[in-house]
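K.L.:
Here's the feature list from Swiss-Prot:
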type    : residues                                               : note
BINDING : Gly117, Thr118, His119, Gly120, Lys121, Thr122, Thr123 : ATP binding site
Amino acid sequence: MAPGLPTAMDRPHFIGIGGAGMSGIAKILAQRGAKVAGSDAKESETAEALRALGATVHIGHAAEHLADDATCVVVSSAIRADNPELARAAELGIPVVHRSDALARLMDGLRPIAVAGTHGKTTTTSMLAVSLSTLGLAPSYAIGGDLDAPGSNALHGEGDIFVAEADESDRSFHKYAPDVAIVLNVELDHHANYASMDEIYASFETFVDRITEGGTLVIAADHEGARELTRRVTASGVRVVTYGESADADVCVLSVTAQGLKSEVEVLLDGTELTFTVSVPGRHYAHNAVAALAAGVALGIPAADLASALAAYTGVKRRLQLKGEEAGVQVIDSYAHHPTEMTADLEAMRAAAGDARILVVFQPHLFSRTQELGKEMGQALALADASVVLDIYPAREDPIPGITSELIIEAARAAGADVTPVHDKAEVPSVIAGMARPGDLVLTMGAGDVTELGPRILDRLSKQ
């Protein structure tokens, strides 16, 4: 049976409880019997899902939202130091716990699988959660996105396995001690926290050093950054299992065959060929499934059982999620916000769509990312037949002088892309309705609130 409540976490208060990572931890604590409370900037389906579990969720941040008897205050790196609930916690002497420390405590006593990498963490974690659940292993899991319904990003299971995303953005993945660690890829991102690839490699090396004695590192064989990390950690003595299409991979991907919005994957593992279906399109998602397969095998689960169970995975919200179809136009939501992710999703859709036109509504995420990768984002958009580019979604950042979406638009046009800038999101449904024709695919793409436009575009198309 999974352990109970960590010490001093029986009455936690979460600042920003509606966030993907925070809400998952809050949900697991509530399911373990904690009296959970918290606050968030706005009302959401996630807040409602937490209330259904007995949590108290306040909208807005105010000192009075923090109960005097709270045993700890949980924060993420996105919470600013001047938050009034943080100030109140200091007055009351209530300890402040980072989200990553809270998650690490939840994994104590279990067999953790930590999924790391610049791209693909949510999908791979979800694949593991679904396949292990399908096999009756009742894992606990904490995912950075909902599987199929609000609040489905986390679960307290009665089994002894805990699957979690391991976030490198703020180095919080250094807090975990996994039995199995997955590294999907290693690239420069999160430019506010990392100045160079050497800093990125050093951070991932620290993560690998945290693998428990006798544990396993599952790492991509095809990705340049992952191969370099493998070279750097080989001397540490950790058991390494590589996967990919490279001939020297321990788990060798023999083929990935597109079948509409699905893929058939054939792998060679320990001399045995296995074939299974992944219910989302794209070679990158097929590789994520192979990483999940290798991680499960590292924990002693039969490969054939895992291969069959992976077919139960039907996707996660915002990862090439079909939102609907109107007037012969399908609208699909993509979380891609880094050029590598954008390219992978657009190539996947091109393989699935055949001759259909692909229209993209892209919202850049973060000024710092646009400053460093804006040119590459524009080049990725050249893979679409036409694109609408919105203003930058700031998230936690303040504006950077001179950094706007125009950097992306100029690069896209230089690469031959058809790009339309739109500054008012409210205009997007009409703009897309004027561009789209039956048979087209429309992708809303980005990590910000561009996802809200999918239903609005469908509504506008229904009135054509």
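Heads up, the Cβ atoms here are built off N, Cα and C, so glycines get one too.
The model shown is predicted, which means the values in this text are computed figures rather than measured ones.
Give me the lay of the land around each of these features.
P.N.:
With a cut-off of 8 Å between CB atoms and residues at least 6 apart in sequence, the same chain places Thr124, Glu168, Ile182, Val183, Leu184, Asn185, Val186, Ala220, Ala226 near Gly117 (ATP binding site), listed in sequence order.
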K.L.:
Three states by DSSP: which one describes His119 (ATP binding site)?
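P.N.:
It is coil.
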K.L.:
Just how many other Cβ atoms lie inside 10 Å of the Cβ on Thr118 (ATP binding site)?
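P.N.:
Its Cβ has 23 other Cβ atoms within 10 Å.
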K.L.:
Can you tell me how many other Cβ atoms are located within 10 Å of the Cβ belonging to Gly120 (ATP binding site)?
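P.N.:
Step by step: centre on the Cβ of Gly120 (ATP binding site), count other Cβ atoms within 10 Å, giving 24.
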K.L.:
Which residues, same chain and not among Gly117, Thr118, His119, Gly120, Lys121, Thr122, Thr123, have a CB within 8 angstroms of the centroid of the CB atoms at the recorded ATP site?
P.N.:
Val115, Thr124, Leu184, Asn185, Asn288
K.L.:
If you count Cβ atoms within 10 Å of the Cβ of Thr123 (ATP binding site), leaving out that atom itself, what do you get?
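P.N.:
Thr123 (ATP binding site) is surrounded by 29 other Cβ atoms within 10 Å.
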K.L.:
Identify, among the binding-site residues His119, Lys121, the residue whose Cβ has the fewest other Cβ atoms within 10 Å in this structure.
P.N.:
His119
